[in-house]
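Structure incoming, see below.
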Amino acid sequence: MTLSIAELGQFSLALALCVALVQSIVPLWGAQRGDGAMMAMARPGAVALFLLVAIAFGCLTYSFVVSDFSVSVVAQNSHSDKPMLYKVAGVWGNHEGSLLLWITALTFFGLAVALTGRNLPPQLRARALSVQAMITFGFLLFILLTSNPFIRLNPPPMDGKGLNPLLQDPGLAFHPPMLYLGYVGFSMAFSFAVAALIEGRVDAAWARWVRPWTLTAWVFLTLGIALGSWWAYYELGWGGWWYWDPVENASFMPWLAGTALLHSAIVVEKRDSLKSWTILLSILTFAMSLLGTFLVRSGVLTSVHAFATDPTRGMFVLLLLAVSVGGALILYAFRAPSLQGGGLFTPISREGGLLLNNLLMTTAMATVLLGTLYPLIADALVLGKVSVGAPFFNAVFVPLMVPLIVVMGIGPMLAWKRGDLRGALSRLWVALAATAVTMAGSWLYVGGTVDDLLAAFGFGLAAWLLVATLVEWAERIRLFRAPAGESLRRAANLPRAAWGMTLAHAGMALVVAGVTASSAYKGELVQSQKIGETVRIAGYDVTLTAATTVPGPNYEAQRGVFEVRKDGALIAVLTPEKRLYRSPPMPTTEAAIHTNGLSDLYTVIGDPDPALPGAYVTRLYHEPLVPLLWYGALLMAAGGLVSLTDRRHRVGAPVRKRAGAAAAAAAKA
Amino acid sequence: MSRAATRKKRRLYMVVAGLLLLGTATALVLTAFQDNLVFFYSPTDVQAKKVGEDRRFRLGGLVKEGSVIKAGSEVRFTVTDMNADLPVSYAGILPDLFREGQGVVAEGKLDRSGVFVAKEVLAKHDENYMPPEVADALKKSGQWTGAQTEAASHKAPKN
């Protein structure tokens, strides 16, 4: 019982609830009445809200760090002999703490808008921060009523129950914060969208103000998903990186919607078109974030990634979802018709390409949503208990992605308003040639049978996207057309946003290649292997040389030693483990992976074979091009970051044009 | 062409493109559903419904105590919902948290002799987690006491 830190945290949360309530009313009201003083409250309000929640988060972290087992969540999720990293990661390795992290991120984004949005018109800022505070209020109510992280145990236990060993991993220590910053970051786009609806106007300046927040959220979500996928790949011991599991889909749906939003906002900014659609997407993206939270927290769907869950809490998230998104949609229904679109464009144009991207992205999202929720729908309609697995998603999702990738190559080559498709294609002849060569080459390389055609097509698509992206970049800097010096100068002066697109699209190309190779050519061997026995997989000779028991800090491991040879030369010694953790007593599989940068050799040691003394059940996987997935995801995130530093976000207040706007705002008030 | 007419035309393009896409997506979804929808049965369901040999489905229940026999990379065990039992065979390494007396979900088909040949046994991350279908199957067979989760769990009572 140190210093009643937990009580301080609880008090801080209760205070934050009051501040959030005031913050959701006063600035909004002020904006309606044109009262500058009331609107000005939004900024200190956002700062106070963040500080209070941060204090609560700090208190919980402190309780974990000093292992204060009189706090219930600490007792249930921590243990005194756990390494420090996992004591801290334990803060969000449970429901209550992860919810607190959610709210911390929510208020952090509010703070960021309050501190950086100097050039925002006061009305828009006041309204957006009010809406953000409403969401915060809802979640604070949720945490205080159903999931209080500061509940005490009396008497406190001698030691804690420990953190689920699967979570005691650096990959997963950082996965939730990334993912949450992504999920929650879209709340800012939502708040801005609702503020714009209240105000009744959306224009290029609005799109420019919202863009950095959407981009930030998107970068975090991309990294969060990649980190989670990477973790599943090496930690679960199955060599898979994506299962189309409901929990994975829950994070993927906001990503799809957010990616669409990122692209449609460009059209609003550059061409003053697609406004009402962009607003709808902002609402939809955050709705998907909330839905994701609901699916993960409620446990209504069977998931391989589900942790012990509590349905009553799910109901609360569902209620929050219904109120916030329902409210926003009703507002949208009233206000959207007044959002007149500006710039016209023909179907073959940059806008047309971006619109097609949007349609495909949202359709893909809708199919993922349907597949994910279908078991619930079928159950409710008494159609029986069903599950929708990977084959469904592959059959639906992949065909939708193919045209998307084709368009991704052409779109950036088209002019705004009215593009020249034939001209674009003729400028892309290098990409077309590269596609044909890659298809033919990879098809012959992998065997040249009918079964390999599909994979060759996938590699061709990846080559198309990569080369088309590079061609677009080369054209911008007039590579090989102008003296090298001029090209360099042009490259240096290229807007950061253009660099961002090039990087992100190239990253996507790598992902396509990785997905294709790993789904078509993953090699798998499961066998009972004796000590000294050699197994051959994909040109590697893998010998199990020993299996020993080794102690760890809070577990005991059975460690296998594999010697990997290629053409007789020893290239790696891999030591996968099967660990038995002490608290909680739970086994985990630690795979050992040898990578050459392009493909992985993945080894797992299982139990001793009872039928064959001296033998162990071992699993070996050959995972071609899987590292490309991680490179691709990093490249995409890097693209987002580079684009975030674009000049137009750093310098100069985007000034609203047209005086008519003021009149419009006055008419609404 | 007048501006208004162009606007209408543009809207028409968008609507047509949207509908086309929606149609394609619906067609894709429907065909995929037809081939890939996997039903969930408890051992009681399997007996009552006379599930055919070629039908892929998910089987859920508890791993019967004392039923697990390992031979090399092949494992045999029995899944029960306390009303009916079904023998299962599985070639592969079981997930870490597979244990007797605990809930399990496996996907596969029945063979001619009535053994469920599992293609995969679904892993889970948390030993306290009971897939909702398994909980329902146990509730339906009248065997749900809530003890199945409590027995194996180290969970302190909430609050």
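Each Cβ is built from the backbone N, Cα and C atoms, and glycine gets one as well.
Any TrEMBL annotation is an automated prediction that lacks curation.
These came from TrEMBL, pasted as-is:
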{"type": "DOMAIN", "residues": "A:92-298", "note": "domain 'Cytochrome c assembly protein'"}
{"type": "DOMAIN", "residues": "A:318-647", "note": "domain 'Cytochrome c-type biogenesis protein CcmF C-terminal'"}
{"type": "TRANSMEM", "residues": "A:12-31", "note": "transmembrane segment"}
{"type": "TRANSMEM", "residues": "A:43-65", "note": "transmembrane segment"}
{"type": "TRANSMEM", "residues": "A:99-117", "note": "transmembrane segment"}
{"type": "TRANSMEM", "residues": "A:129-151", "note": "transmembrane segment"}
{"type": "TRANSMEM", "residues": "A:178-198", "note": "transmembrane segment"}
{"type": "TRANSMEM", "residues": "A:210-232", "note": "transmembrane segment"}
{"type": "TRANSMEM", "residues": "A:277-296", "note": "transmembrane segment"}
{"type": "TRANSMEM", "residues": "A:397-416", "note": "transmembrane segment"}
{"type": "TRANSMEM", "residues": "A:428-447", "note": "transmembrane segment"}
{"type": "TRANSMEM", "residues": "A:453-471", "note": "transmembrane segment"}
{"type": "TRANSMEM", "residues": "A:497-521", "note": "transmembrane segment"}
{"type": "TRANSMEM", "residues": "A:628-646", "note": "transmembrane segment"}
Return yes if the transmembrane segment (A:178-198) and the transmembrane segment (A:99-117) have at least 3 CB pairs under 8 Å (sequence gap of 6 or more), otherwise no.
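Result for the transmembrane segment (A:178-198) with the transmembrane segment (A:99-117) is yes.
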Do we see three or more Cβ pairs under 8 Å linking the transmembrane segment (A:43-65) and the transmembrane segment (A:210-232), pairs being at least 6 apart in sequence?
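Per Cβ check, the transmembrane segment (A:43-65) does not touch the transmembrane segment (A:210-232).
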Tell me whether the transmembrane segment (A:129-151) sits in contact with the transmembrane segment (A:210-232), defined here as at least 3 Cβ pairs under 8 Å among residues 6 or more apart in sequence.
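Contact criterion not met.
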So if I exclude everything within five residues of the ends of the transmembrane segment (A:12-31), which remaining residues of that chain have a CB under 8 angstroms from its CBs? That is, six or more out.
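Same-chain contacts beyond the ends: 37-42, 45-46, 48-49, 52-53, 55-56, 59, 107, 122-123, 126-127, 129-131, 133-134, 136-137, 140-141, 143-144, 150, 198-199.
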